[in-house]
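Contents: one structure, followed by commentary.
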Amino acid sequence: MGFPLLTIALLAPIIGALILMFVPEDEHRTIKGISAFFTGISLILSLVAYFGYDFALGGYQFVEDLVWIKEIGVTYAMGVDGISLPMLLLTNLIGFSAVFASWNVNKRPKTFFVLLLLLIAGVMGTFISRDLFIFFLFYEVVVIPLYIMVVIWGSTKRVTKEYAGMKLTIYLLIGSAFLLVGVIALYLNAFPVGERTFLIEKLAQAQMSDSFQIFAFLLLLIGFGSLLSMFPFHSWSPDGYAGAPTAVSMIHAGVLKKIGGYGLIRIGLLVLPVGAKFWAPVIAVLAVCNVAYAAMIALAQKDLKYVVGYSSVSHMGYVLIGFAALNVIGINGAIANMFAHGVMSALFFAMIGFVYEKTHTRWIPDMGGLAHQMPRAAIGLMMAGMASLGLPGLVSFIPEFTIFIGAFKVYPVLATICISAIIITALYTLRALANVLFGPRRPEFDQYQDAKGPELVPLVVLGSVLVLAGFFPSLLMDMVNSGVEPMLKPLMDTLNSAPAIGGGF
Amino acid sequence: MNFSLLSSEMLAAGLGTGLLILGLIAPKTENRRGFGYITAFGLLAVLVATFFQYGINQSTFHELWIVDDYSVFMKQVFIVAAILVVLSAVDFVETLPRFRGEFFALIVYALLGMMVMASANDLITIYVGLELMTITFFVLVAYQLGDGRSSEAGIKYLILGSVSSAVLLYGMSILYGLTGTTTIPEMLTKLTWSPILVVAIVMLIGGFGFKISLVPFHMWSPDIYEGAPTPITAFLAVASKAAGFAVMVRVFLLGLPLEGAVDWMLLISLLAGITMVIGNVVAIPQTNIKRMLAYSSVAQAGYMIAGLMSMDAPGVKGILFYSMIYVVANVGAFTVATLVRRALDTDTIADYAGLGQRQPLLASTLTICLLSLAGIPPLSGFVGKFYIFQAVMDKGILWPAFVGFVMSMISVYYYLNVALYMWRDDPKDDRPVPVPGPAKLVIVLSLVVTVVLGVYPGPLGELATMAAKSLF
């Protein structure tokens, strides 16, 4: 075992949190500096991993293996491939930015940053573990810090923050209960006693009956689907984001949600291909509901965070339909789009959080002309907005395009509906941005200063990724493809011959 | 006859008696804190002694008494619970008006009763151990002299406990009438189907169900938990319940045949399901932390008894593992409740407001322990549930896992409610919440063990597997 890069990246925020516990509560700057430092380490290490990944070699790299619970076959197995690397990088990009987006948190900052660092570590752990058990441990670690952060630092608007926090928590946990039953069933069915293991790559080689795969995939779909805010399990998402403090909205919409999509692909598709094929048409239909229905609701929202909240539900529909296509192109698009949406929504929430912090309003009719007073924040909002509607040259154009190519072959009608929903997306994004940023100068906003110093970090970091990945899509797409193609190719025969529910409609 | 099989019990009996004598010798005016430390160290010695009993697997006194790895593991669960409770009560005894020294002696005797239960291989020995434990608890529950609620709880427990013992004894006597024997392994071979056996089994389930607060025999627990002195509540909630499980597993799995007799599993699984649901649902509206913990412990009994459904070593291993982590998490939670009660004179959850700012250590421990009870990874409660439900699912029975996991996620609602008050709100006043040394030790221990066993359950899991295998 060489240099344990992934473990260090994972432990950095945890060590940071431990150190923070011994820092006096009133040393705000120190607390924030420590948080930034340790998330920075993780960010640098994940950049090293991303650009140090050897395409020629492929497969899992930076592998670490340590027998953890021998009795039941749990291994502390870390490793990243083309599917998990973009997610790892995304986590740390957003985690690092989230620390700076919380630079002005002065209410009990110590507790805040301890929880934030634990949250980041938890999310990171899910993406880099190759063991289902360890994956699950990290998966639920995140829920509790999330809840506490929402109820302490959240905001009460349309719903109280307690309601929002609890709704978010209960949805995720009930989903995870189904997921857990699915995971245990998978573990028990894959191998006989004595050979059992939680290693995902071993599970993928197990022979499981078709009916079992169909049953287990349904459980996983409920679990991961509710995390991904799949229709009809989506209603926690807008309420939750609206109630949450900026950093939590960023991490939740940006990466946590993506664990759902990641899990569906990594465990659902690669371990249970027959089950995935069986349920794919259902997923595709629900995906269209996500895309079209949530976009239309977003159109009617007057709270900026609700607009972005519903928009993120809508975008998850694209991920789902890309997944449901079950071909290399579609899955490539789904993963790339998770990355793209993560960057974009995190930037969106960071900027909304900044504007809200200054003006204390997110109510669109009360705002206007903010580009006069806050040009930098306006740039951030515009970039995020343009990315959201899929403007070429920004990060999300290529992924969405790829998804449509992949999905059109399989579901021409549904894909067409999804494509046309882009018009609605453009409509609500442009409408919201126009009302908030442009129009005549409003004197009541003159007192507010534009973003400066540390407040600019999220804009710079996320904004540059947005543009960079837009201009050089191969940076992202090659990586994703290197993970998806070798995994999916051997499964294509199974996928093509397996039956789909209702004959695929 | 091999008296060495009784060594740990003899040590415990000696410790209890020594404490009583010491109480007579020591001057009345002296406070009794030292007794707490003596008891804790004495119990630690007993704990160490039990480790030498692993691997013996022998019975003595004509099969009345058995020392197998299973019984040793269970004894260790009780001893750990007793040590933690004693340490958390060192400062608590100062608030007692009288009989401070005897407090610890009684805890040791209750422990002795449990240890007898764990090693009993015969219905009468079980009953003797059970009564030693129960009668000691009657005294302990009412220990807070002059406190009406404590006396009320004592009387309630006395009446209900006696009734349940009577029911249990009646069930046992019917079993004796049917088989002509009281030893458990012999019963297994002699029982055949008869209507009266159904009555006997229902009575056994009623009697044991009372001890482990299985629905519908759980009604006593909230009242008595609320009224009893908090350290005793902790001991009652964890150790007495674990002792109930220790006996129940042995009697049902080793003494009552399923084929050709009565399908008691149907009844047990039904009650397990109901217990998981009722315990969690009724806990939601509770405003008193001890009542909330009482209902939560009802729910925990449901999860644990579900482990019986697998009828094999993995299931028993789940129960054993779960007992240990249940003890640690619950004692942690109750210790926090003890300290808050002492400082703020309240058990109301809303009065925990701002504990996160007053005493972050207490608030963190309570949060972690409650979440472990809820079964949130990576805390030990999750691993316990995982072991239990995995064993049951391995037998092809899926529904307990669904009910168990969904209900445990619902339980997060009321556990987080406590966290909500502690972390969100500001303190109502600036009274300090002091944490004395021994209680701090208990709190840190329960915090660390709860987290470490969740992240790295391997060694305890292997020990539990070994213990469980000795039964079959």
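Here, residue 1 is simply the first one shown, and the rest follow in order.
Any Cβ shown, glycine's included, is placed from N, Cα and C.
The transmembrane segment annotation in TrEMBL covers B:6-25 (among others).
According to TrEMBL, the feature transmembrane segment maps to B:37-56 (among others).
Using a Cβ-Cβ cut-off under 8 Å and counting only residues 6 or more beyond its ends in the same chain, the transmembrane segment (B:76-96) has close neighbours at 31-33, 35-37, 39-40, 43-44, 46-47, 50, 103-104, 107-108, 110-111, 114-115, 118, 143-145, 229-232, 234-235, 238-239, 242-243, 320, 323-324, 327-328, 331, 334-335, 338, 342, 436, 438-439, 441-442, 445-446. Sequence annotations record features per position, and here TrEMBL assigns transmembrane segment to B:76-96 (among others).
Long-range neighbours of the transmembrane segment (B:103-120) within the same chain, counting only residues 6 or more positions beyond its ends whose Cβ lies under 8 Å from a Cβ of the stretch, are 5, 8-9, 12-13, 15-17, 19-20, 23, 32, 35-36, 38-39, 42-43, 64-67, 70-71, 74-75, 78-79, 82, 85-86, 89, 93, 96, 126, 128-134, 136-137, 139-140, 143, 235, 239-240, 242-243, 246-247, 250. Annotation comment: TrEMBL describes B:103-120 (among others) as transmembrane segment.
Per TrEMBL, the feature domain 'NADH:quinone oxidoreductase/Mrp antiporter transmembrane' maps to B:120-411.
The annotation transmembrane segment is assigned in TrEMBL to B:157-176 (among others). Among residues of the same chain six or more beyond the transmembrane segment (B:157-176), those with a C-beta under 8 A of the stretch's C-beta atoms are 123-124, 126-127, 130-131, 134, 137-138, 141-142, 182, 187, 191, 196-197, 199-204, 206-208, 210-211, 217, 220, 224, 228.
If you look up TrEMBL, you'll see B:196-220 (among others) marked as transmembrane segment.
If you look up TrEMBL, you'll see B:232-252 (among others) marked as transmembrane segment. Residues 70-71, 74, 77-78, 81-82, 84-85, 88, 107, 110-111, 113-114, 117-118, 120-121, 123, 126, 129-130, 133-134, 137, 140-141, 143, 184, 204, 208, 211-213, 221, 224-226, 264, 268, 290, 293-294, 297, 301, 304-305, 308, 316, 319, 323, 326-327, 330-331, 334-335, 338, 471 of the same chain, all 6+ positions outside the transmembrane segment (B:232-252), place their C-beta atoms under 8 angstroms from a C-beta of that stretch.
The transmembrane segment annotation in TrEMBL covers B:264-285 (among others).
Positions annotated as transmembrane segment by TrEMBL: B:292-313 (among others).
Residues annotated as transmembrane segment in TrEMBL: B:319-340 (among others).
For B:361-384 (among others), the entry in TrEMBL reads transmembrane segment.
Marked as transmembrane segment by TrEMBL: B:437-456 (among others). Residues of the same chain lying 6 or more positions beyond the ends of the transmembrane segment (B:437-456) and with a Cβ under 8 Å from any Cβ of it are 36-37, 40, 84, 87-88, 90-91, 324-325, 328-329, 331-332, 335-336, 338-339, 361-362, 364-365, 368-369, 372, 377-383.
The stretch from B:6-25, B:37-56, B:264-285, B:292-313, B:319-340 with the most CB pairs below 8 A to the transmembrane segment (B:196-220) is B:264-285. Remote same-chain residues near the transmembrane segment (B:6-25) are listed as 32, 35, 38-39, 42-43, 45-46, 49-50, 53, 65, 75, 101-102, 104-105, 108-109, 111-112, 115-116, 119 (criterion: CB distance under 8 Å, separation of at least six residues from the stretch ends).
Within its own chain, the transmembrane segment (B:292-313) has Cβ neighbours under 8 Å at 212-215, 218, 221-222, 225-226, 233, 237, 241, 245, 248-249, 252-253, 258, 265, 268-269, 271-280, 282-283, 286, 319, 322-323, 326, 330, 333-334, 337, 349, 370, 373, 384-385, 387-389, 391-392, 394-395, 397, 400, 404, 407-408, 411, 414-415, 418, 465, 468-469, 471-472, counting only residues six or more beyond its boundaries.
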